[in-house]
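J.: Below, the features straight out of TrEMBL:
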TRANSMEM  33-54  transmembrane segment
TRANSMEM  131-151  transmembrane segment
TRANSMEM  188-208  transmembrane segment
TRANSMEM  220-237  transmembrane segment
TRANSMEM  243-266  transmembrane segment
TRANSMEM  286-305  transmembrane segment
DOMAIN    311-383  domain 'DUF1736'
TRANSMEM  372-391  transmembrane segment
TRANSMEM  403-424  transmembrane segment
TRANSMEM  430-449  transmembrane segment
TRANSMEM  458-476  transmembrane segment
REPEAT    499-532  repeat 'TPR'
REPEAT    533-566  repeat 'TPR'
REPEAT    601-634  repeat 'TPR'
REPEAT    703-736  repeat 'TPR'
Amino acid sequence: QIFNQHNAEAPNLEQASHRMAQMEPNLDHDVSWFLLPSYWAKMVVALISFLCFANSYDGDFVFDDSEAIINNKDLRAETPLGDLWYHDFWGSKLSSNTSHKSYRPLTVLTFRINYLFAGGFYPVGFHVINIILHCTISVLMVDVFSILLGGLQFSNKGRRLNLAPKSSLLAALLFAVHPVHTECVAGIVGRADLLCALFFLLSFLGYCKAFRENKEGHTFSVFWVLVSVILGAIAMLCKEQGITILGLNAVFDALVINKINLLELIRKLLYKDKSLENAGLLRKGLLFRITLLMCGGASILYIRWRIMGTGPPAFTEVDNPASFADSLFVRAINYNYYYSLNAWLLLCPWWLCFDWSMGCIPLIKSVSDWRIIALAALWFCLIGLICQALCSEDSHKRRILTLGLGFLIIPFLPASNLFFRVGFVIAERVIYLPSIGYCILFTYGFSLLSKQAKKKKILAVAVLGILLINVLRCALRSSQWRSEEQLFRSALSVCPLNAKVHYNVGKNLADKGNQSAAIKYYREAVRLNPKYVHAMNNLGNILKERNELHEAEELLSLAVQIQPDFAAAWMNLGIVQNSLRRFEEAEQSYWTAIKHRKKYPDCYYNLGRLYADLNRHIDALNAWRNATVLKPEHSLAWNNMIILLDNTGNLAQAEAVGREALELIPNDHSLMFSLANVLGKSQKYKESEALFLKAIKANPNAASYHGNLAVLYHRWGNLDLAKKHYEVSLKLDPMAPGTKENYNLLRRKLDQLQKKGG
């Protein structure tokens, strides 16, 4: 039988040293669950946590991964390592007003190491590290839950005893297979939460080590308390939630080490009882340790505030609509509704979504809204648990419920909107740490049911069923996170009112060339959120490419009216106005874009095209030069400079620009082609031929490359080679302009030579 066995590894309580208070009832006595040796328990947890998320190992970079990894210059070797300490998670300067102020330099450092070892942006290595981190955290949870559920006690040899092996295994399995963790594991950006959790747990375990009696007989170690503070600081440098471990360590110290009865303490404080010392406040160095934790936490927060430089980040209404509500009542009621939805995701993690903003959860604006029931249910449960945690006569029950609520609530506080506005409505990743508290409460509830149940096996089988369902849900959700198409489409059924979901589906379709389908989703995004300027901009771009210029202009004009500093929309509006031959308006739009984004090489490039159309050649060259200064690898700007100088007869200058461009972008076949044309006109046939052949090798199916090489051979007098490349060019593009005429001229010349030779 696997249920209700006696613990073969349970310590002999008479031989164990009682450095803590007298042992309380063992939770495992009431739990119908598997009993495994510690190392086997950890292996089982590691294996199952690996199976849950293994299929995400070969996924793509998805959603926020693009900004945090692919577009983040802090990952590249040319960026000094020191810059990581002054930049936010996305690579922007923390001092910038546009920064999100998410300060996670250690997480970015791990991304950079991934990038360097992989030799580029290959997602497999990033995903593998995330999976390994989650497996490691799940294994550590066995030790953490054994302390939280069974208490802290050491043997005579100073080895920590696992007094709840069955309960800790169940709780660790619940944590390992929880589907809400998929975003953290399968999404590479979730690395921040994983690293934070790792050092969070190490800080807690380090704090527990402080109470292992040393040779000198001291009841606690200041060294390990300080180590715990340092590990908490490292956790915060991975993600902001990490700082909360210091508060949880203090709660653990008070409840487990000092056995403080909170209700009794509150009563004594209210009645100004002079026997507070007997309540445990000053016993065993509690006050001293809490002072260390508070000083450490305050120092960490102060340094963090100084590095941040400016005030909190500026979020928009679509990111967190409740926080922008004028009414305090509306804000409070919606915040509490968000809490209830987070709790529901822990209880029933079936409806998961990569983004919960932009209308996904409409605001509650009156008490007549039926969703008020969710708030009532949440607070009914919380108040019931809090009352039991404070008022129960069973000290064991008080301790477990208080720790469960502490680990559920305290790590969630930074995401609660109580202290500052956050940039999301719900984010599954922020529930990673609070799920520890959920697992404690679930396991304790299971132990109570096991105690009352007559058929304990049926109850255990039911829990096994929950674990199995969660494993399958994790595997399914991990597969959805493997590609943006699957991820975005999976959200359509969960959040059909979320404009961002429709926008992302549309963007994914547009990137794949399916413009007709993309238009449908962009239109729906704009319908759901009439102020969604990014959807308007992208829809306007597609309509511009389809030559539906008037509707494109209307959309882009509305976008810049809603957000006057939207530089990309101003530039695209300028392109549309240029196509409509409204050149003065187009020029003004381009300069407005540049005013709002000083370093905007693409806008300078388009401005140069406008000046070229107006025959303002010097202005065009200056604009393209600005584009190449801002972005030296801007191939189109270099090409246009070479072509314009070539067309205006400035061959020497065109050649100089072409050589400069090829030094910067040596493998660009279009630049080789443009410079080869210039060299051919300058009668530098040999060098021109070499560049043409190199361009053709890089892009053998370009008809113009073969055609112009044929012209070079024609001028040079290599008629057979000219004939060969004319024919290749015409085969690739029978309608190639000028090629057929040149080929006919060559054939006539060859016929004449044959007649003379005959």
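For all residues, glycine too, the Cβ spot is worked out from N, Cα and C.
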J.: Residues of the same chain, at least six outside the transmembrane segment (372-391), with any C-beta under 8 angstroms of its C-beta?
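T.: For the transmembrane segment (372-391), the list is 262-263, 333, 336-337, 339-341, 343-344, 364, 397-398, 401-402, 404-405, 441.
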J.: Looking only at the repeat 'TPR' (533-566), what is the mean pLDDT?
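T.: Mean model confidence (pLDDT) across the repeat 'TPR' (533-566) is 95.
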J.: Under 8 Å, at least three CB pairs between the transmembrane segment (286-305) and the transmembrane segment (220-237) (pairs 6 or more apart)?
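T.: Checked: the transmembrane segment (286-305) vs the transmembrane segment (220-237), in contact.
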J.: Going along the chain, which residues at least six beyond the ends of the repeat 'TPR' (601-634) come within the CB cut-off of under 8 Å?
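T.: Cβ under 8 Å, 6 or more out: 567, 571, 574-575, 578, 583, 586-587, 590-591, 593-594, 640-641, 644-645, 648, 661, 664-665.
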J.: Are the transmembrane segment (458-476) and the transmembrane segment (33-54) close, by which I mean at least 3 Cβ pairs under 8 Å that are 6+ residues apart in sequence?
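T.: Answer yes: the transmembrane segment (458-476) meets the transmembrane segment (33-54) with 3 or more Cβ pairs below 8 Å.
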J.: Which sequence-distant residues neighbour the repeat 'TPR' (499-532)? Criterion: at least 6 residues beyond either end, Cβ under 8 Å.
T.: 63, 318, 353, 355, 357-360, 484-485, 488-489, 491-492, 538-539, 542-543, 545-546, 555, 562
J.: Counting CB pairs under 8 Å, which listed stretch among 131-151, 188-208, 403-424 touches the transmembrane segment (430-449) the most?
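T.: The stretch with the most contacts is 403-424.
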J.: Can you work out which residues elsewhere in the same chain, 6+ from the ends of the transmembrane segment (131-151), have a Cβ less than 8 Å from its Cβ atoms?
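T.: The answer is 20, 23-24, 26-28, 38, 41-42, 45-46, 49-50, 53-54, 56-57, 160, 162-165, 167-169, 171-172, 175-176, 181, 184-185, 191, 194-195, 197-198, 201-202, 204-205, 208, 252, 256, 399-400, 403-404, 407, 436, 439-440, 443-444.
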J.: Do you know the DSSP helix, strand and coil residue counts for the repeat 'TPR' (499-532)?
T.: 27 helix, 0 strand, 7 coil
J.: By DSSP, what is the split of the domain 'DUF1736' (311-383) into helix, strand and coil residues?
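T.: When I sort the residues of the domain 'DUF1736' (311-383) into the three classes, I find 36 helix, 0 strand, 37 coil.
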J.: Where DSSP helix means H, G or I and strand means E or B, what are the helix, strand and coil counts for the repeat 'TPR' (533-566)?
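T.: For that range the per-state counts are 27 helix, 0 strand, 7 coil.
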